[in-house]
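These notes concern the structure reproduced below.
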């Protein structure tokens, strides 16, 4: 298996790179998480988004608890090699742990952050 | 002027936060750069994207050399407060310093990064 492409990524001093997940059909930016080498390799191999959880210090196969798996249609790397962009289909239509479609639900309005996107599912019913 | 909203941002240990610029009309993810408190404040105040250049160690008013200014239509913060999303109109249709529309022009295909987006303008003619 070819792995040279992983060396083109500008991993940071912790061996991580930020990854943006974007819904392929609507273009909506769903979330940003981190990947280590193993996470990106598994993502490419399986077509399912795998991140590295900095808080838990281990691989995080998106959807492993929630069922909200991301099917990866396209993997991009930016000009500097230090950001990954995944175009995905979000199963269940919910990417955020708050039960919203996307994590970017705080909108700056008149000098305050306003929550502008609805909770689609109670997080307590997502994470049993 | 209200500045409490800036305290809601989870600035990292260098006082920075990553910011994604997304073209508001097409949904295309154009680039990711970094902001410090001053950059985000000026972006909100002026409606023009301002970043913090880590390499130059100073504010970077996007387009100051290239003319490729980003007009900011919407400023979002994610659930953890540690990523900013700007929805912008990209003047000149070029966000990347390589002369491409967007920075995410490397696509993973069969274990290799392939350049899949054209250079729209020679960088040497952009940065005189």
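Each position is counted from 1, following the chain as shown.
For all residues, glycine too, the Cβ spot is worked out from N, Cα and C.
Those TrEMBL annotations? Automatic predictions, nothing curated.
The following features are taken from TrEMBL:
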DOMAIN    A:31-105  domain 'Phosphoribosyl-AMP cyclohydrolase'
BINDING   A:78, A:80, A:82  Mg(2+) binding site
BINDING   A:79, A:96, A:103  Zn(2+) binding site
Using all protein chains in view, find how many other C-beta atoms are within 10 Å of the C-beta of residue A:80 (Mg(2+) binding site). 13
At the level of the C-alpha atoms, what whole-angstrom distance separates residue A:78 (Mg(2+) binding site) and residue A:96 (Zn(2+) binding site)? 24
Out of the binding-site residues A:78, A:82, the residue with the smallest number of other Cβ atoms within 10 Å is A:82
What average pLDDT does the predicted model assign to the domain 'Phosphoribosyl-AMP cyclohydrolase' (A:31-105)? 97
Go ahead and report the DSSP secondary structure tallies for the domain 'Phosphoribosyl-AMP cyclohydrolase' (A:31-105): helix first, then strand, then coil. 13 helix, 29 strand, 33 coil
What count of other C-beta atoms do you get within 10 angstroms of the C-beta of residue A:79 (Zn(2+) binding site), across all chains shown? 17
Can you tell me the CA-to-CA distance separating residue A:82 (Mg(2+) binding site) and residue A:96 (Zn(2+) binding site), as a whole number of Å? 23
Can you count the other CB atoms that lie within 10 A of the CB of residue A:96 (Zn(2+) binding site)? 23
